[in-house]
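I have placed the structure first, in the form of structure tokens, so that the comments after it can refer back to it.
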Amino acid sequence: MPVPERIYSENEIFLNATNFTCSVSSIGQNLSHYATSNEVYIREIIFYTLMLIAGSCSNTPIFVTLLKNRQRKSSVNMMIMHLCISNLIVTYIMIPLEIAWRLRVLWQIDNAAWAILLFIRAFASNLFSAVLVCISVDRYSAIVNSLDVIGARKKGKILLGVAWTTSIISSIFEGLLFYRDLLPFIQCVNFSLFTMPNYNVVSIIFCLLTVYFIPSTLIALCYSRILCVVCKRPRGTDGCFTLADNSKEYPHRRRWLRPSEIIHMERARARILRITIIIMLTFFVCWTPYVAMILWYLFDPVSAEEINSYLQSTLYIFAVSNSCISPFFYGNYIVKYKEIFRKMCQKNRPIPHYA
């Protein structure tokens, strides 16, 4: 049976190499296009390899440290551990998959195996965004109900359960959007079973909502509420103040703090807020340029076609780098990287021999 020809464009190639895949029929492309793109692919493979090394060095020490200290009943440590799990999925599954995608143009796996790989690939990004929302809600709860220490961990477990569930459901939906296309050679594209004219736009918007827009909105709401609560916090006339203004809800836990206790609690709270703010800022800085590029392509595909495909792929690499680079910033509050590297250098240093 003759094999019909399929038309590819540079933007389709770019979008097929990301979570947000769509099909566009414009500039004719075939296998020779991929064969002549070796230089671009080699650069991307080098970048992904460096990210793999950076992600291993940044996330693994944090995960091991939190795993050893899991007996500490801290909701923040629990949240960051799950955030680290999503980063490890990106580091050890998603990035190697991106490297394999560029090493091989022809794919010999069936649709079921490919759907599983894409499910894991989408799950990492969805879980990371969902855990960020959990951290924001947990910090808001800690500021508003700071006396409810016992219930904080229970609420954290519920939030993480919801995050994992929603990430799995949305990732299953995204995994079903793709299949192996044999026209004219094997590539993974969006599922041809859906023939609605605007289905590609709907699927891309759904991915953007789950990964970026919904988490960003919830995070902004939580931190704006935190700012309002902190600004309205009551203070005593003698220099002391209550830890929170929820003494009516927890009358048996109400107590007045001494200045030394106030300093200790405020330092701990400021430290945790710095960690979470760093996590949120790195998320926005890394993902916003890529999301802007996707929106540009959706609303004005003609001008987006003129953008260099290398710049497009670089934006996606920059977005993925969030899971590899951000732990170096907030990880210093958990793991002392300088001490770890110093110990590694001391172990590898040869022992001098004296005559």
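Quick reminder: no glycine exception, Cβ is built from N, Cα and C everywhere.
Over in TrEMBL, the protein carries these features:
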TRANSMEM  45-67  transmembrane segment
DOMAIN    58-330  domain 'G-protein coupled receptors family 1 profile'
TRANSMEM  79-101  transmembrane segment
TRANSMEM  113-137  transmembrane segment
TRANSMEM  158-179  transmembrane segment
TRANSMEM  199-223  transmembrane segment
TRANSMEM  272-299  transmembrane segment
TRANSMEM  315-335  transmembrane segment
Beyond the flanks of the transmembrane segment (272-299) by at least 6 residues, Cβ under 8 Å: 11, 15, 20, 76, 80, 83, 128-129, 132, 135-136, 139, 142, 201, 204-205, 208, 211-212, 216, 219, 223, 226, 307, 312, 315-316, 318-319, 321-322, 325-326, 329-330, 333
The domain 'G-protein coupled receptors family 1 profile' (58-330) [mean pLDDT, rounded to integer]: 77
Proximity of the transmembrane segment (199-223) to the transmembrane segment (45-67), 3+ C-beta pairs under 8 angstroms: no
